[in-house]
Ligand code: HEM
Ligand SMILES: [Cu+2]
């Protein structure tokens, strides 16, 4: 009890502190990069949608795979990473009453390195030297500068991870006997995952660099694919953890409620951190060289994420029902109507949470061995991740913008901007629903993903796909409108909205909660458990891939 009281008192103290201007500049810089990237990535997405439907052809000198490589890398990696970091660092600054000077320096070094790395990689794509798609699977080989860019990017990410860990340790040392504020706890989980996720891809890139430089002749393709998905699958869980931080802690405040039991929230964070990396093989279900038992283990691990997900769903419905009833909602569903549907700060993350239902269901299909055979490498998969990352994650991010950006720039969220946000949310939802639904259906009847021209010389089966490709194009057009509105809203709130203050909506715990246990803060132990689970899932198959390797592959440039 005592602990909880202290916690609440402290939280009130932090509420007054807010994010100081120097730290705000860091987050605003991240958001500027994120939304400039969204604009470019969105335009490329529209081009792909139109090109697949045969409604547009790229000017000579550009090709579909080049555009797709840029779209994937910019949106999947750059947009999500920069938003995640900008938001989590704001949460950290808010919770700790400011970042340490050394942490700030490291973060700025990290930002500069990340920008340099991304510019190197993207320049190679623009020069048509790196149309290897965002997965950059060997034996496809890009220009060495592309991979050097990735190395610089990863070092930039590590600089920020180090900053967060130093800041966290400093806070723990100066606040003995206290548990960290819950948003800072989430941030630690997120950056620990960033660090361990990037280890896999770093080893991969260090295998590729000597190979593209001609120092080694061949490469073990299976090992590189495996290391890529160690990263790729973990990235997905990083977004998920970032989104849940807003669902658990921000949404309850916006709807006038309290957050759920902190012990359960911390357990969800710890489970997500420990369990997630070894799910990578569900992206490689069709790959040879991995035994069925190991694939089964990874499938089991990916499905184990259902446990924290269901805990989250239960907790969120509890919190929402309670808030809705407090506002007078009666009967079985009366509380649902009482939720603030006209408030973009609620509407966007709410639709994001709802989208997690079809998204999760599709994910179970993808990760099941037999069903994966039907949808593997078809447009179904593209439909799936535009629902999960494109709605569940991205709409949560958009929703956060409407309070965080005005808060950081000391401006107001006006009624008009809220309305624009609500309209944007519905346009985005409609666009993604149209595009992703038709992608799912087209995939079920065989339409391949990552393919520019799917007419196959007028083959009958292929003709059936065409209707759906027109529908993708229609969804893509709506989405482009959504991108333009969102980018406008972000920069308007950053630079032009009327001066004033905007609340940082952090929910408080319910009364009479049990104390928050100190053992949850043992990040060293969680990291060791994480590594143990990774070892369980990866040591045997990777050793097997190396010991029983077929001849490796020389590099290929297929474009
Ligand atoms: C304007 C909004 C968007 C449109 C119109 C759009 C459209 C498309 C289309 C048509 C494809 C084609 C696929 C193929 O040939 O396989 C694609 C792929 C992809 N999109 Fe989007 N998308 C949009 C937003 C996003 C967002 C917000 C994200 C992630 C944050 C994203 C991530 C991806 C990824 C990772 C791929 C796969 C790339 C690959 O297979 O290498 N997209 N998108
Ligand atoms: Cu995955």
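Every residue, even glycine, has its Cβ placed from backbone N, Cα and C.
Keep in mind that TrEMBL annotations are predicted by a computer and have not been checked by a curator.
Annotated features, as they stand in TrEMBL:
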- 8-517: domain 'Cytochrome oxidase subunit I profile' (DOMAIN)
- 30-50: transmembrane segment (TRANSMEM)
- 70-94: transmembrane segment (TRANSMEM)
- 106-125: transmembrane segment (TRANSMEM)
- 145-168: transmembrane segment (TRANSMEM)
- 180-209: transmembrane segment (TRANSMEM)
- 229-251: transmembrane segment (TRANSMEM)
- 263-281: transmembrane segment (TRANSMEM)
- 296-320: transmembrane segment (TRANSMEM)
- 385-405: transmembrane segment (TRANSMEM)
- 426-445: transmembrane segment (TRANSMEM)
- 465-491: transmembrane segment (TRANSMEM)
- 523-543: transmembrane segment (TRANSMEM)
Two-stretch contact, the transmembrane segment (229-251) and the transmembrane segment (145-168), at least three Cβ pairs under 8 Å: no
Stretch among 180-209, 426-445, 523-543 sharing the most Cβ pairs under 8 Å with the transmembrane segment (263-281): 523-543
Feature contact check the transmembrane segment (465-491) with the transmembrane segment (385-405), CB under 8 Å, 3 or more pairs: yes
Range from 70-94, 145-168, 180-209, 465-491, 523-543 with most C-beta pairs under 8 A to the transmembrane segment (106-125): 145-168
Same-chain residues at least 6 beyond the ends of the transmembrane segment (30-50) whose Cβ lies under 8 Å from its Cβ atoms: 56, 58, 64, 67-68, 70-71, 74-75, 78-79, 82-83, 85-87, 89, 111, 115, 401, 405, 435, 472-473, 475-477, 479-480, 483-484, 486-487, 490-491, 494
Tertiary contacts of the transmembrane segment (145-168), as residues 6+ beyond its ends and Cβ separation under 8 Å: 81, 85, 88-89, 92, 96, 99-100, 102-104, 106-107, 109-125, 129-130, 132, 136, 180, 184, 187-188, 191-192, 194-195, 198, 201-202, 205-206, 208-209, 212, 523
Long-range environment of the transmembrane segment (180-209) - Cβ separation under 8 angstroms, sequence gap at least 6: 7, 10-11, 14, 84, 88-89, 91-92, 94-96, 136, 138, 141, 144, 147-148, 150-151, 154, 157-158, 160-161, 164-165, 168, 171-172, 219-220, 223-224, 227-231, 234-235, 237-238, 241-242, 244-245, 248-249, 259, 262, 265-266, 269-270, 272-273, 276-277, 506, 520-521, 523, 526-527, 530-531, 534
